[in-house]
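A.B. asks: Dumping what TrEMBL says about this protein:
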BINDING   B:THR67, B:PRO68, B:ALA69, B:GLY70, B:GLU71, B:GLY72, B:LYS73, B:THR74  ATP binding site
Number of protein chains: 2
Amino acid sequence: MTAKSDLEIARAADCRPIAEIAAKLDIPFENLVPFGHDKAKVSLDYAASLKDRPDGKLVLVTAINPTPAGEGKTTTTVGLGDALNRIGKRTTICLREPSLGPCFGMKGGAAGGGYAQVVPMEDINLHFTGDFHAITTAHNLLAAMVDNHLHWGNALGIDPRRIVWRRVMDMNDRALRDIAIGLGGTANGVVRESGFDITVASEIMAIFCLAEDLADLERRLGEIVVAYRTDDTPVTARDLKADGAMAVLLRQALAPNLVQTLENNPALVHGGPFANIAHGCNSMVATKTALKLADYVVTEAGFGADLGAEKFFDIKCRKGGLKPDAAVVVATIRALKMHGGVGREALGQEDAEAVSRGCANLARHVENVKKGFGVPVVVAVNRFSADTQAEFEAVKTACATMEVEAVLCEHWAKGSAGTEALAHAVVGLVEAGTADFQPIYPDAMPLLDKIRAVAQKVYRADDVVADKRVRDQLAAFEAAGYGDLPVCMAKTQYSFSTDPAARGAPTGFRIPVREVRLSAGAGFVVALTGEIMTMPGLPSHPAAEKIGISREGWIDGLF
Amino acid sequence: MTAKSDLEIARAADCRPIAEIAAKLDIPFENLVPFGHDKAKVSLDYAASLKDRPDGKLVLVTAINPTPAGEGKTTTTVGLGDALNRIGKRTTICLREPSLGPCFGMKGGAAGGGYAQVVPMEDINLHFTGDFHAITTAHNLLAAMVDNHLHWGNALGIDPRRIVWRRVMDMNDRALRDIAIGLGGTANGVVRESGFDITVASEIMAIFCLAEDLADLERRLGEIVVAYRTDDTPVTARDLKADGAMAVLLRQALAPNLVQTLENNPALVHGGPFANIAHGCNSMVATKTALKLADYVVTEAGFGADLGAEKFFDIKCRKGGLKPDAAVVVATIRALKMHGGVGREALGQEDAEAVSRGCANLARHVENVKKGFGVPVVVAVNRFSADTQAEFEAVKTACATMEVEAVLCEHWAKGSAGTEALAHAVVGLVEAGTADFQPIYPDAMPLLDKIRAVAQKVYRADDVVADKRVRDQLAAFEAAGYGDLPVCMAKTQYSFSTDPAARGAPTGFRIPVREVRLSAGAGFVVALTGEIMTMPGLPSHPAAEKIGISREGWIDGLF
């Protein structure tokens, strides 16, 4: 174990000029749009020019249900990518861009950790290449055009009480969750209630991450439903003639961002939708570009496999025609102990039995990915210093029962040297060619049945519960031609059930569907199973209070 | 006259790689932070390393009071810069960055016109290098921290009714002018009234444009007064510990942006504060960096010389220790006709007498700059195709009386070939060395007397009118230690008086001061003499409706 902090390691990184990183993928410099000397966008024209090349192998990194003990999905993705490069496979990783707002709240930055990081981490966590700003602007332009339309006579007949398009800001700002706008007299428009979400919750973020190219992006932007009339018919962004201007605002952003790992391997970091009300994966453009450029592409999905992997498979892979070749399910001994009933305070004590019990959570995810989706699995145990051999043996024993390999990973402390075994295991799985991916439900199934399929086959719930209002709404979506869309489940990330405290592998529960929402541009129907916070707040002492520029010109306090 | 549109000309531009443009100023490539291949930031470290070099000559481009007929300050700045380069003077122009919001409203983009443009015009008008997004984010982080402080117990004792820090968005969105925030229950903070301004109206924009360097920026950010307590004492951004994080958000943005003119000459385009509630000039960092890099620096100030030049001199030059060497006052025959009483519909008819009458407006500006501020002047007549020789002779005659040269300029149609005479005239003025710049009032004068000095010496008002509330507020600012600050006049741009319809050179009027506001971070006291709109709205058919991406991949409708 190293004594250096993530920040010290990142600052000591030997960052290579981005043209050198691009050269590893044979991308000519003129096809890069540089942002400084260590970041670049890969031009969309160049990405499009690759379309006849064969695809590389696609590997998903997912995880058990998160606990306060931590899992390390991003570090494992970085470590696996570096290790695949180390053993001679031309590999690119694909990650989500972090949101700026939360950096100033509780959590600080997010770009891996230890010796498994992407750099420049400070830039990636701040403005990066401006993608989120572009999404924020496009979103708010549409909002301004909705209110402007009301102000100038409402020719489209929008019901001002049924405007579903809010505004966004990449900031944790609870005071903007619920607001009244248009106050102060007739010159200021029509008074109504509205609010702000954080930018990652914007439907435009989801659209951005599912669009195949600029034309598809513009088409999807036009499909966005912003409001309803009193006769229940939808009003779209296209009706407001906002789609073209939004596409113009997003044109540059849609090109994927190339950065590097600490080991100077290529990383595409692009897009970052929520993993609850959206699908939680990096952009389709980045993943597809990476598949054309590399032999192996390692990507991650948000939260645990019940949410992240399920959406990666049922939404992103289905829509994009992607065929994943293997999956890595990440666990930590500490987190398995928590799933086995140990409290946070006792995580430091050896408890192989609790680990064995906690493997019930791991086993369910593994089975879902392997059997439910047909994607072969290897389990990565992300090592912490206090883990014991007996505890790891407990995981190995459990994995043997699941007929998957468990590999100890030390990328945090050792970089790719600590993930070489995982890389070999992944290559073995991929080369065995056993993957036979299929989504968990077909396009043609009624929407409520799709929700039920996920609940029963993935979560192992007894059933779903939906009152008449929800069923009527789903029927209305189907009547309006949206019945073929996949569903996007908004559920707590902490449990298979909707009870965040139910760790392990709970049974005997039902999934209540409280509300359903149409994301017509993104192309899915969101099923909300609990309160989902789409605008976080700041803590009593936000991280921002300690962030500043040091005398040496470094950024202090961000990590 | 060319038949090509601005857009066609810009698209046909032979844009050189930005490293070539930087090489013209001997900036090594490693000191650039590239944004694509045609834009770059000049690193702050490099800018600081130039501090012992002698300064180049500083030339301000200002104008008569604007009319609907147009003046062409930006095109003249570009044309003059190109012509100075053409006659062998190493010259850089310094311009403001355009605001993104208005592009989608009425006006389209702004980056010069005809053969006097800066490119890439589409990028410059959209996200450019993200400076405005950074300013928006820093502003809104502070706002979130204010409301967060209230939510968590208000230890600083802020009076929630006296929070003066609003939020900003780079968008025309009238529905956000007046809003109620914190609705929806205790989890969402404290209910209060607030609103959004457009980003260019942010005090952070003014700070950004007056800061000498990053340390000065951070210090000024800390000085921002966000609210008052019930005992009238101010609460600052520093009290909230927001200054460091804001500086981190602005760190990259503060480096000036290098682009090029159509003739491949360097242009620094950086910062863009309002010219009414703020001082309306590009950043201090850009101007000072340009002065170290070039023999001549040509810059412009917002609105007419009564507002723009006065603030450039009394705020920017005073604070930055700048010594302008010459000024260009731009006029058009058409606009002078309007100042001479001709209506918009009759502008096409020759009327030399009206031009002569309208020169009263020009004469007052010229006298102010020459005698009031001690800066020698040349008048640039920006030619339109319908102008006649008799009309131009009328201007020449008037200028002879003012003892200044009037030069006909055709940069719009001919580029630098059309401004060579102006360049020679400017060099003549500069080399004569007659400049003896001084501000119009000293630092030590009471604030109301400073307002009066501007009103009487620049506007030629009989007096100022301020009621007890305003006078008490000014006294309070002085008691709190802000008495040495300059004043920033917020007045209509269309007239020397506060009546926008009073063209020409009105007399016999007084300047009512309705309200005064402290911009402690920017370092000035704003005196509002009328309703100033700080959040524009969109027109009934916003430009956004016609903006889109063409089949060829061009952006349509932006210009």
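Each residue, glycine too, has its Cβ placed from N, Cα and C.
A quick note: this is a predicted structure, and the numbers were derived from the prediction, not measured.
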A.B. asks: At 10 angstroms around each C-beta, which of the binding-site residues B:PRO68, B:GLY70, B:GLY72 has the fewest other C-beta atoms nearby?
C.D. replies: B:PRO68
A.B. asks: Measuring CB to CB from B:GLU71 (ATP binding site), give everything in the same chain under 8 Å that is also at least six residues away in sequence.
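C.D. replies: Sequence-distant Cβ neighbours: B:ALA63, B:ILE64, B:VAL330, B:ALA331, B:THR332, B:ALA335, B:ASN382.
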A.B. asks: According to DSSP, collapsed to three classes, what secondary structure does B:GLY72 (ATP binding site) have?
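C.D. replies: In the DSSP reduction, B:GLY72 (ATP binding site) maps to coil.
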A.B. asks: If I restrict to non-local contacts, at least six residues apart, and a C-beta distance under 8 angstroms, what lies near B:LYS73 (ATP binding site) in its own chain?
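C.D. replies: In sequence order, B:VAL61, B:THR62, B:ALA63, B:GLU300, B:VAL330 meet the Cβ cut-off.
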A.B. asks: Within 10 Å of the Cβ of B:THR74 (ATP binding site), how many other Cβ atoms are there?
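C.D. replies: Counting Cβ neighbours of B:THR74 (ATP binding site) within 10 Å gives 22.
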A.B. asks: Can you name the residues of this chain that are 6 or more positions from B:THR67 (ATP binding site) yet have a C-beta less than 8 Å from its C-beta?
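C.D. replies: For B:THR67 (ATP binding site), the qualifying residues are B:ARG334, B:ALA335, B:MET338, B:HIS339, B:TYR494, B:ARG503.
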A.B. asks: Including all protein chains shown, what's the count of other C-beta atoms within 10 A of the C-beta of B:ALA69 (ATP binding site)?
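C.D. replies: Counting Cβ neighbours of B:ALA69 (ATP binding site) within 10 Å gives 17.
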